[in-house]
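Since the structure comes first, as structure tokens, the remarks are kept for the end.
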């Protein structure tokens with residue numbers, strides 16, 4: 001009877017059905033590395049499906065409101081100036097086209113309200129999602145979030161067949177979908193953080209973070225392909241996709257090594273930590289007998305490094321999301337080598353910003369691992385983004401090749417720290433030494449950091465909608481100012497990391513000088 005109460009047999013008995021199936025096929029227990037691979041693959045596709053479902057609205061906007069030129073948050077009626085040849089600026093819009101209520105004179109503003117409401121609820125929901133996620137099974141929590149996202153994304157599209165023309169129906173669907181979407185990021189980062197130690201976390205999470213771009217691209221392709229069958233399908237298909245992957249998560253995702261009854265990898269347990277380093281953390285031990293309690297919201301804010309990185313991400317994400325929503329519009333309204341690109345060509349060209357972001361995320365993660373300084377890396381990238389933004393605005397019109405090169409560089413420098421902070425930094429701080437090995441803070445810390453960043457993500461495109469009506473140069477000045485503030489917010493942490501690196505270097509130098517003297521004495 002006593003053996004039944006032991007924790008390990010209980011976990012084995014409750015092993016996931018998907019894991020049991022894989023072990024049956026493999027005819028052996030899965031190794032620690034295999035579990036890590038499963039976690040990376042399942043969470044990658046899980047969050048890619050979140051972004052695929054999120055991307056559909058921007059693709060369908062031109063169908064709902066054919067007079068809208070460009071994509072993103074459009075809050076003011078745009079005065080289109082026909083700077084190029086008439087055939088290059090032709091609109092197919094006529095009264096009655098599109099979908100009421102979005103095809104009226106205020107259709108652009110209504111679509112902007114949908115975006116703003118989605119991002120606002122997403123940001124607010126993020127704080128609550130992290131708090132809840134640390135208090136329940138993350139696999140169940142993520143599954144509920146994905147199925148809920150799929151349901152309400154699909155219900156938005158159902159308005160097509162149900163002939164719904166009430167704006168508040170679509171507004172409510174977007175708001176509820178945004179609330180369910182907020183479950184995704186804290187959950188996947190917490191799970192990956194449970195399985196990977198700090199020494200390898202930056203590079204691994206930098207590569208893993210490519211799911212954002214993969215989701216955006218796949219969501220665009222699916223939504224665009226379905227438009228010819230009716231815009232409702234552009235929402236229903238991504239909705240079905242994320243719900244299906246949610247079932248895969250339920251069957252296959254182990255949230256931690258302890259949840260499947262195995263010990264943590266020794267390499268993960270004994271990764272070195274620099275002495276005196278303030279913002280980095282020791283790895284968690286596998287002390288399953290210690291009862292862990294979830295960390296409170298206020299307590300999580302007090303963890304050293306959380307507030308500076310959260311505020312830094314506010315401004316970093318403001319810059320990144322302004323490009324996400326407005327870059328295709330900016331490109332199509334900027335003469336490159338004396339010519340204007342079509343909206344389709346501008347949209348395709350803008351994907352290079354995301355490609356640069358993937359490379360930037362990997363580089364930032366790798367550099368921070370080798371250097372041992374997350375704050376140094378993030379701040380350096382943000383400072384370097386300032387001249388990159390200036391050069392892109394000033395010289396991007398010279399030729400297509402120059403535009404592509406500067407756009408790629410800007411994407412790398414803007415999205416590098418964004419990816420690093422939302423992944424490796426969040427996982428590091430969620431396992432901070434002040435928590436004494438308690439892993440029940442990962443989702444809360446991740447939610448605080450990314451939730452604060454999401455507020456900036458909503459504000460940036462909103463301000464751009466107004467400022468760009470007067471001057472795009474003013475928009476870029478705003479972005480450069482935001483990048484500067486983001487870097488400055490990490491100053492105290494950068495100083496602490498530099499001091500720790502210098503101290504470690506001196507320690508190694510003194511150790512190396514002592515060794516020869518010992519040999520001479522011998």
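Using N, Cα and C of the backbone, Cβ positions are placed for all residues, glycine too.
Looking up the ranges 76-97, 98-119, 208-229 in TrEMBL, the one annotated as transmembrane segment turns out to be 208-229. TrEMBL tags one of the stretches 4-24, 235-255 as transmembrane segment, and that stretch is 235-255.
Remote same-chain partners of the transmembrane segment (140-162), defined as residues 6 or more beyond its termini with a Cβ less than 8 Å from a stretch Cβ, comprise 46, 49-50, 53, 56, 99, 129, 132-133, 169-170, 173-174, 176-177, 179-184, 187-188, 191, 230-236, 238-247, 249-250, 253. Within the chain carrying the transmembrane segment (35-53), a Cβ under 8 angstroms from the stretch's Cβ atoms is held by residues 19, 22, 142, 146, 149-150, 153, 177, 181, 184-185, 188, 191-192, 195-196, 204, 208, 210-212, 214-216, 218-219, 222, 238-239, 241-242, 245-246, 248-249, 252-254, 257, 260, 262, all 6 or more beyond its ends.
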